[in-house]
Amino acid sequence: NFSRVPEFILLGLSDRRELQVLFFTFFLLAYIMVLLGNFLIILTVRADPKLTSPMYLLLCHLSFLDICCTSVISPRMLVDLLSQRKRILFADCIAQMFFLHFTGASEMFLLTVMAYDRYAAVCKPLHYTTIMSRKVCWALVSACWAGGFLHSLTHVLLTVQLPFCGPCTIDNYFCDVPLVVRLACADLSVTQWLMAANSGLISLLCFLVLLTSYILILLTVRVGFAEGYWKVLSTCGSHMAVVTLFFGPRILIYLQPLSAFPSNRHLSMTYTVFSPMMNPLIYILRNKEVKASMWKL
């Protein structure tokens, strides 16, 4: 109701036609890989009665969130790559921001829960069934979805109450909260600190919890199971690489002040495209049970 701008113009990835065709081909293939890989994981876990541990329930939800998060961005980006003028209505922009942060924050919390699950399995094996019972697991998953919803709702409520009177150009291929808020015709000193705390600080805290859990796992394995240390180190290293792809750009993007905020299109690709594409590969290749179930399926 406070907006005087009916639509925004997205500058996209490039204004050169030959690069747009190249980007369209690449991101179409990437989107297909995300859909196929994550749907295959969900189908495998649901079809095999042996894959009933909390780890596979969490993996199922991670795959679903990857599909949702990428689907908020990729279809419109692919259409815009073939369009001359990339317009997005104000209401559509707000909706895109809401669902992107809803799924992104839920995945952020879920990755933290998965790290806690691995820590409990390795460091507290005798108490694992109690620590991560079915009831506790579903409660943690529900908390991840609820946390993502509240996180996203806060961003949207802070954005829609701002007055927008122009300019209306967003230097990215989707509506990102900092780039949209920076266009508001108002004092943003309080808003930027609230948004930095809601996104950047929470991302940093979750990443530190993840890092701590992996360090504790490695220390536990090194002391008690020296013969399997290098295997666990390899697995944790690959997981940590994918997690860093997801958390690193978010921390860099959302902890910056709005006045110094640059175009983040290249950083954004890592957690909107590459991370959802890498998750199925890492979690399939590093898990013998999932690979065996997929071959049977």
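Please read every residue number as a count from 1 along the shown chain.
Each Cβ is built from the backbone N, Cα and C atoms, and glycine gets one as well.
Automated prediction, rather than curation, is the source of TrEMBL annotations.
If you look up TrEMBL, you'll see 37-283 marked as domain 'G-protein coupled receptors family 1 profile'. The feature transmembrane segment is assigned by TrEMBL to 20-43, 55-74, 94-116, 136-154, 201-225, 232-255, 267-285.
Counted over residue pairs 6 or more apart, the CB atoms of the transmembrane segment (232-255) and the transmembrane segment (94-116) come under 8 Å in at least three pairs, which marks the two as touching.
Distant neighbours of the transmembrane segment (136-154): 54, 57-58, 61, 97-110, 113, 116-117, 194, 198-199, 202; these residues of the same chain sit at least 6 beyond its ends, with a Cβ under 8 Å from one of its Cβ atoms.
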